[in-house]
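Read the structure below first, then the notes.
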Amino acid sequence: MDGKKLEYKGEEALKELERLTMNADEVQEELLEEIVTRNGDTEYLSKYLRGSKDVSAFKNRVPVISYSGIQPYIKRIANGEDSSLISGHTIVEMLCSSGTSNGEPKLMPSIAEDLDRRTFLYNLVMPVVNQYIPGLDEGKAMFLNFVKAEMSTPCGLPARAVLTSYYKSKHYRGRPRNVPFLDYTSPDQTVLCEDSNQSMYCQLLAGLVFRHQVLRLGAVFASAFLRAISYLEKNWVKMCNDIRKGKLDASITDPECQLAMSSIITPPNPGLADEIEEICSGSSWKGILCRLWPKAKYIEAVVTGSMAQYIPSLEYYSDKRLPLFSPMYASTESFFGINLRPLDDPSEVSFTLLPNMCYYEFIPLGENSWSLDEEMEVPSNELVSLLQVKLGCYYELVVTTFAGLCRYRIGDVLQVTGFYNKAPQFKFICRRNVALSLDNDKTSEEDLHKSITVAKKLLEPHNAILLEYTSFADTSSVPGHYVLYWEIGHNKSKIDNSSLDEVLQECCIAVEEELDYTYRRCRSHDKAIGPLEIRLVKPGTFEALMDFYISQGGSINQYKTPRCINSKAALKLLESNVKGQFLSPRDPIWIP
C-alpha cells in the first residue's frame with residue numbers, strides 16, 4: 001500500500017473513500033492480481049497454481065479452507081521455517097485471535113504493511129463522524145484501550161493480539177500530538193501498561209481530570225467500556241483522593257504510569273475532586289456518564305452482534321442521551337469495513353466493506369443455514385465476488401490476504417443491506433457455529449440472543465434487568481438440556497424478589513417459545529431435549545469470568561463474553577456462583 005494513504009485527513013480522506021467505493025470492482029481485481037503475483041510462488045499457492053500467475057487459475061483451483069487448512073503452514077513458520085511457505089513478504093508477527101468466540105485462540109500471519117491498512121481504516125473514521133457530529137476537534141477523547149502481555153513463537157516471532165500490535169506500533173505511538181481527533185486523555189504509557197488494573201485505574205483517573213474537555217467516550221467493545229464503569233464505581237473514592245492531594249494512589253506501582261500521571265494530577269485540585277465526589281456519591285448511577293463528562297457527544301464501542309446485549313446497560317448509564325457508535329468491522333485476520341452512518345440505531349448498523357483491505361468472496365447462505373460446518377467442503381464455483389452479492393441475502397465471508405490466507409473462511413454471517421456507490425454494505429448477523437445443539441437442533445448465537453431479548457422483558461415490571469448471560473448444552477443427564485447462566489441487576493430500586501422466582505420460570509418458557517421449529521419439535525414431540533434451565537448467578541460473576549479468560553491469555557480489548565461455554569474451568573467458575581435454578585414449567589408450543 002502506498003504510504004501516502006496514511007496521510008489522508010478530512011476532505012482528502014473522504015475523497016479517497018469515494019474513489020475506492022466508486023471503483024470497487026477494479027480495486028478488488030487489481031488487489032487479487034497483486035496477491036497472486038506476490039504469493040504465487042509460495043509453497044502453499046504453487047501446489048494449486050502450478051506455475052500460473054493468472055487470477056482465473058486462482059479462482060478455479062484454490063480451495064476454500066478453514067483454520068485447519070492453513071494451520072500446519074503457520075506452525076512451521078512459527079517454528080522457524082521461511083515466510084515463503086505462504087507469503088511473498090516477510091511475516092513479522094503472529095496475531096492471536098481472542099479465543100472467546102469458540103474457545104481456542106488462533107495464530108494469524110501478519111506482514112508489515114498490514115499495519116498500514118489498519119491505520120488507513122482508523123484514519124477514515126473521524127472524517128466520516130465529523131460530517132454528522134461537528135466540533136469533535138475541539139476537545140479530547142476518553143478512549144479506554146489496553147494491551148496484553150505478548151508471547152513469542154518458538155522461532156522468536158512476536159505472538160500478540162491485533163490491538164496490542166497496533167498500540168505498540170509506530171502508527172499509534174508515533175502519531176502527531178495535539179492534532180485534531182488524536183488528543184486522548186490516556187497517556188500512551190497507561191495504554192501500554194500490561195497490568196490491566198493499573199492501566200484501567202490510570203486511564204479513568206486521567207479521564208476524570210480532563211472531564212470538562214472530553215467530547216468522545218469509548219472502548220473497542222461495549223463489554224470493556226461497561227467493565228470500566230463497574231471499575232470506576234468501586235474506585236472513584238481513591239481517584240478523588242488522588243485529585244484532591246495531587247498524589248497517585250500507592251497501588252499504582254508501574255514506573256511508566258507513575259511518571260505519566262504525575263504531570264496530570266499535579267497540582268492538587270480539591271475543587272475538581274469535590275465535583276466528582278458529589279456526582280459519584282449520588283443515589284443512582286443512571287445517566288452518570290453525562291454528569292461526569294457533560295460535553296460528551298457519543299459513545300464509541302462495538303455494540304453489534306453479541307455486543308448488542310450491552311445496549312440497555314449503556315443506555316442506562318447514559319440516560320439514552322449519548323448515541324452509540326460502532327465504528328468499524330474488523331477481525332484478527334484483516335480489517336474490513338467502516339460504518340458510514342454513525343448515528344444509526346445499533347440494530348440498523350451496516351458496514352461498507354472497503355475493497356483495498358483484502359480480497360473478498362462469499363458463500364451464499366439460506367436464511368436458516370448459518371450453522372454451516374466449517375470443515376464442510378465448499379466448491380469454488382459456489383463463491384461470489386464482492387460485486388455479485390444481492391440485496392437482502394445472507395453470506396459467509398471468505399478472504400484472501402497479502403499475509404498468506406487464501407480463501408479463508410472468517411466464520412462471520414453477514415446480510416447485504418445496501419450499497420455505497422459500488423461497495424456493498426453488510427449487517428453483521430452472527431458467528432457461524434457459535435451455537436447450542438443437543439439433537440437435531442441447531443441454535444445460533446443470533447437465535448439465542450433474539451429469544452433472550454424477548455424473555456428478559458418479563459423482568460422489567462420487577463425492577464430487574466438482565467446484565468449478562470451465557471449458555472451451555474448440559475448432557476450430564478438424558479435427555480440433555482440447555483442451561484442459561486443469567487446475572488441480574490436492578491434498574492430503579494430494589495428487586496422484587498417475592499415474585500422473581502416465578503418470573504424466571506416464565507422467562508425459561510419465553511426463551512423456548514422463541515427458539516426455532518426444530519428445537520421446539522425436539523422438546524415437545526420427540527422428547528429428545530429436556531426443559532430449559534436458567535441458573536441465576538451472584539453479582540460480579542461475569543466480571544470474574546472475564547478475569548478468567550484474560551488470565552488465560554485473552555485481551556480486555558478483544559474480550560467478548562462467550563455465548564456458549566465449552567471450557568470446563570469456566571463452567572466450574574459459573575457453577576460456584578449459582579444462587580438459584582429455574583426450569584421451564586411446560587413444553588413450548590409446537591405445531592407440525
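Even glycines carry a Cβ here, placed using N, Cα and C.
What TrEMBL records for this protein:
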DOMAIN    351-431  domain 'GH3 middle'
DOMAIN    446-568  domain 'GH3 C-terminal'
Quick one: average pLDDT across the domain 'GH3 C-terminal' (446-568), no decimals.
86
How many helix, strand and coil residues does the domain 'GH3 middle' (351-431) contain under DSSP?
6 helix, 41 strand, 34 coil
Helix, strand and coil residue totals from DSSP for the domain 'GH3 C-terminal' (446-568) stand at 52 helix, 26 strand, 45 coil
